[in-house]
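Peer 1: The NAD(+) binding site annotation in Swiss-Prot covers 146, 147, 148, 172, 173, 174, 175, 209, 225, 226, 227, 228, 280. Annotation source Swiss-Prot lists active site at 246, citing sequence analysis. According to Swiss-Prot, the active site, nucleophile annotation covers 280.
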């Protein structure tokens, strides 16, 4: 397995402390990787800064060609990437290969095209004898911090728009799941000029802090927890860096009496538990109107009970393990606290799976109340709660009564209600009669403590640029 860092176009061993990388399906150590030293972090940033002098001036066509080559290489090595992701994250191999790899390839291809469509505005004469123009230029060095739930996909979401806009990147994947990012570094080094892409390994304190706080880093992009986002915003404040934050969610799933219950059950069974629920848009906070509450709980409980967790290389496996032992304990604690309320009922699941690996049973909890922690706090595991509501006004207020604002869905056959409710929801995305669907052309991002900035789409590309005014006297 490729375990070296990419700094200034060269694969080099880390000079810092070694950290174990685990297989969450077994709990075994896959390998140990040495972290980047402080000197290597500095070298990576300075290499990116030096490379920016030329990369930032390349044509969109030239940048697009590099991105397309990288997309092709990822596609050609799709099985290798899927196997690494499966071993390091515990994802079902078939899901990694069939779902994630094509989406990752598409992100690079989309931004290759988008790079050639990014324009400033040719304005007019707002002052006599002077012509004004608006430019969208790259910022410089971007420090990108990727999470452990979708390591390669989140690396793609960060690398593609930043590079397409003409920036240079220093990427730090999670120390829990670094293997696909390190493999990507190996394949990218011969496609991009030295220093344009740099990939480091290490923990937040030892590598993340010196990276994000480096004076030559002009922007920090994070997908992670609220706590990590708060830390980075505070840490980077003295140098006034631009920050781009995607900090998780607790998606409300609003099911009205007239909804297609079978579609809801099928949707939540899939979209509430995909990736073992380790998804910031997971359909995890159901609000069911009183007329269909009992029916939905009964049918959804039966459906969730059929979900199969097992070995990642088994084609019949639907849920793999959680990503780490520490996270397994967090999920278990959240469910135990829900049980202890006395009014929340475990419909199915609610316990760790016996044996090796970090497995937690697919869990459905009914009878949850609006103020319960299981409703208000992100669990980030295969755990879905159901809360009864009376009317539209109540459920909109409850759905918005959350520190999160990333994703939501509304299930109803009433078109007017669908438009009315979706317009009032304080979330970056609202799906109607579906959930979880993402495409490269549409923006993904939140509000409130879910963060700000957009991934994917032309809006995502613009986030990695600075708007400049040029005035010419004539």
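Going from the start of the chain as shown, residues are counted 1 onward.
Cβ coordinates come from backbone N, Cα and C, glycine included.
I'd like to know what surrounds each of these features in this structure.
Peer 2: Counting Cβ atoms from all protein chains shown, residue 148 (NAD(+) binding site) has 21 others lying within 10 Å of its own Cβ.
The number of other Cβ atoms within 10 Å of the Cβ belonging to residue 246 (active site), over all protein chains shown, comes to 26. In the three-state DSSP scheme, residue 246 (active site) is classed as strand.
For residue 280 (NAD(+) binding site), the same-chain residues lying six or more positions away in sequence with a CB closer than 8 A to its CB are 149, 223, 246, 248, 249, 378, 380, 406, 407, 450. In this structure, residue 280 (NAD(+) binding site) belongs to neither helix nor strand by DSSP; it is coil.
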Peer 1: What kind of secondary structure is residue 148 (NAD(+) binding site) part of, going by DSSP in three states?
Peer 2: coil
Peer 1: What kind of secondary structure is residue 227 (NAD(+) binding site) part of, going by DSSP in three states?
Peer 2: helix
Peer 1: At a 10 Å cut-off from the C-beta of residue 225 (NAD(+) binding site), count the other C-beta atoms across all protein chains.
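Peer 2: So the Cβ neighbour count for residue 225 (NAD(+) binding site) comes to 15.
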Peer 1: Just how many other Cβ atoms lie inside 10 Å of the Cβ on residue 175 (NAD(+) binding site)?
Peer 2: 19
Peer 1: Going by a 10 angstroms cut-off between Cβ atoms, which of the binding-site residues 146, 227 has the sparsest surroundings?
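Peer 2: Relative to the other binding-site residues in 146, 227, 227 has the fewest Cβ atoms within 10 Å.
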